[in-house]
Amino acid sequence: MKKMTINDLIKWKQEGRKFATSTAYDASFAQLFESQEMPVLLVGDSLGMVLQGENDTLPVTVDDIVYHTRCVRAGSPNCLLMADMPFMSYATPEQACENAAKLMRAGANMVKIEGGDWLVDTVKMLTERAVPVCAHLGLTPQSVNIFGGYKIQGRDQEKADRMVKDALALQEAGAQIVLLECVPAELAERITKVLDVPVIGIGAGNVTDGQILVMHDMFGISANYMPKFSKNFLAETGDMRKAVAKYIEDVANGVFPDDAHTIA
C-alpha cells in the first residue's frame with residue numbers, strides 16, 4: 001500500500017469513492033489492516049473500554065494514546081494515522097498544541113478532537129502549527145455525562161442545524177476531516193454534501209465519504225453489547241483477513257452499512 005495522505009481522501013471524495021477505516025491499538029492488528037490496504041486507522045480513546053475494561057473513555061490519558069500510536073505506526077507505516085486527544089487534553093488551544101505535539105511525535109498524521117464550534121480557536125492554532133485535525137461531532141463519547149448516556153444526536157431540527165453550522169465552522173477553521181457519530185442518516189447526508197472535506201461516519205448511514213468501526217466490534221470480540229450500527233464481519237467470513245477485506249469491499253460498494261445498521 002502506498003503512503004496515504006489527506007489529499008488522497010479529498011480526491012476520493014471528489015470522485016465519489018467511499019473508503020473504510022478502523023480503530024487499531026497494536027502493531028499486529030495494524031499490520032493486518034495494512035495488508036488489506038486499510039487507508040486510515042484511528043488510535044481511539046475507545047481503548048479505555050475495549051482494552052482497559054473501563055466503563056467509558058474518560059480515564060484514558062495522553063500517555064496511553066502516545067504508547068498505542070507508536071505501536072500502530074510500527075505495524076502500519078503507510079496508513080493515514082489519526083490519534084484521539086483524550087478527555088480534558090485540549091481544554092485550551094495551548095494545552096491542545098502541547099499534547100498534540102506528543103501524538104504527532106509518536107507517529108500520528110492527524111489528531112481527533114470532540115466538540116462543536118467552541119473548538120474553532122483550537123483547530124486554528126493546531127492547523128497553523130502544522131497539526132492536521134479531525135473534528136468529531138454528534139455523539140461525542142467524552143461528553144457522556146453531559147448527554148446522560150450514549151444517545152443519538154441531531155434528531156430535532158434546531159440541533160441538526162447547529163451541527164451543520166458547527167461542521168462548517170470547523171472546516172473553515174482548518175479541520176481536514178469531520179467524523180459524525182450516531183446521527184440520523186439524513187443529517188449525515190446533509191453535512192457530507194455541504195462540506196468540501198471528507199466525512200467519516202459511524203452510526204450515520206452509508207452516505208458519508210468513509211465509514212469507521214471499532215476493531216473489536218468488527219471481529220465480534222467486544223466485551224460489552226454490540227451497537228446497532230456495528231457488524232461482526234468475522235462471523236460472516238471465519239477469517240480475520242477476509243473479515244477486513246469484506247468490510248473494506250462492502251463500504252466501497254455502498255453495501256455497508258445497510259438499513260439494519262443505520263440509525264433512522
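Cβ atoms here come from the backbone N, Cα and C positions, even for glycine.
For the 3-methyl-2-oxobutanoate site, Swiss-Prot lists D45, S46, D84; matching the candidates K13, K18, K112 against that entry yields K112.
Looking only at the binding-site residues D45, S46, D84, K112, E114, the one with its C-alpha closest to E181 (active site, proton acceptor) is E114. What surrounds the 3-methyl-2-oxobutanoate site, by Cβ distance within 8 Å of the Cβ centroid and not counting D45, S46, D84, K112, is the set T23, L42, V43, G44, L47, T57, V60, I65, A83, M85, P86, P141 from the same chain. Residues D45, S46, D84, K112 are the ones the record ties to 3-methyl-2-oxobutanoate, and the longest Cα gap between any two of them is 12 Å.
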